[in-house]
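Structure provided below as structure tokens; questions to follow.
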Amino acid sequence: MNKRLVVKNLGRQDYEPVWKAMHTFTDERDENTCDEVWLVEHNPVFTQGQAGKEEHVLAAGDIPIVKSDRGGQVTYHGPGQLVAYVLINLRRKNIGVRELVTHIENTVINTLSHFNVESAARPDAPGVYVDNKKICSLGLRIRKGCSFHGLALNINMDLSPFLRINPCGYAGMEMIQLHDLVKDNMTVENKAEHVEDVHPLLIKELTTLLDYTDIEYLTESSNHE
């Protein structure tokens, strides 16, 4: 069980049903429940973290705002962004929250290296950065020794909604995406047109770092009501 991971591709979904489904999964899981990673693209939404301050939303306009229970401040999710929710029993894996954050950041850093993109984490602000521009946001919640929420990696999306907020609470934080970094040198091997182009690499890096060897892949199109 400690080596087994279920990876679910949920396709494109609204935020709130998936958020509620994460709660249900975490509330109902027990020691025999497999760890899971959910891959999803969200319809446009701003999500406020537990510590989210209203002043960091500058002009939401027609994009809805959802008050979430993850760590961190406000961020934006939209089509073309790879969201991975990491539902792991940390006690069973014998890792702490800080170690999990480091593993997730290194998963993204290693994934980006496949595209010859150099990136790094920052001790003062969780996430992954390319030349101090943010390419991946990170926010987690722990309940009953289990993690939920996860990462949001910008692949090929409309970045303009980030200008309506102070991303993750940082005024003037510049956001960047993978497609813009590789579009002039794209090949069949390092294509970054769609989130699905990056899914296999991300999962490979995550399962290597977190030592999963028995991986089951599922595709779901349900709306998690």
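Cβ atoms are placed via backbone N, Cα and C, with glycine included.
This is the feature table in Swiss-Prot:
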type     : residues                                                                                               : note
DOMAIN   : 31-214                                                                                                 : domain 'BPL/LPL catalytic'
BINDING  : ARG70, GLY71, GLY72, GLN73, VAL74, THR75, TYR76, HIS77, SER137, LEU138, GLY139, GLY150, LEU151, ALA152 : substrate binding site
SITE     : LYS134                                                                                                 : site 'Lowers pKa of active site Cys'
ACT_SITE : CYS168                                                                                                 : active site, acyl-thioester intermediate
GLY72 (substrate binding site) to LYS134 (site 'Lowers pKa of active site Cys'): how many Å between their Cα atoms?
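On Cα coordinates alone, these residues lie 14 Å apart.
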Provide, as an integer number of angstrom, the distance between the C-alpha atoms of LEU151 (substrate binding site) and CYS168 (active site, acyl-thioester intermediate).
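LEU151 (substrate binding site) and CYS168 (active site, acyl-thioester intermediate) have their Cα atoms 13 Å apart.
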May I ask you to report the DSSP-based helix, strand or coil state of LYS134 (site 'Lowers pKa of active site Cys')?
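Where LYS134 (site 'Lowers pKa of active site Cys') sits, the three-state DSSP reduction gives strand.
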Do me a favour and check the Cα-Cα span between TYR76 (substrate binding site) and LYS134 (site 'Lowers pKa of active site Cys'); whole Å is fine.
12
According to DSSP, does the residue listed as 'active site, acyl-thioester intermediate' fall in a helix, a strand, or coil?
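Going by the DSSP assignment, the residue listed as 'active site, acyl-thioester intermediate' falls within a helical segment, counted as helix.
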Under 8 Å Cβ to Cβ from LYS134 (site 'Lowers pKa of active site Cys'), same chain, six or more residues apart: give me those in sequence order, or none if nothing qualifies.
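Same-chain residues close to LYS134 (site 'Lowers pKa of active site Cys') (Cβ under 8 Å, separated by 6 or more) are GLY127, VAL128, PRO167, CYS168, MET173, GLU174, MET175, ILE176.
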Over the span of the domain 'BPL/LPL catalytic' (31-214), how high is the average pLDDT in this prediction?
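Looking only at the domain 'BPL/LPL catalytic' (31-214), pLDDT averages out to 94.
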Which residues, sitting 6 or more apart from GLY139 (substrate binding site) on the same chain, put a CB under 8 Å from its CB?
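Sequence-distant Cβ neighbours: GLY49, SER68, ARG70, GLY71, GLY72, THR75, PRO126, HIS149, GLY150.
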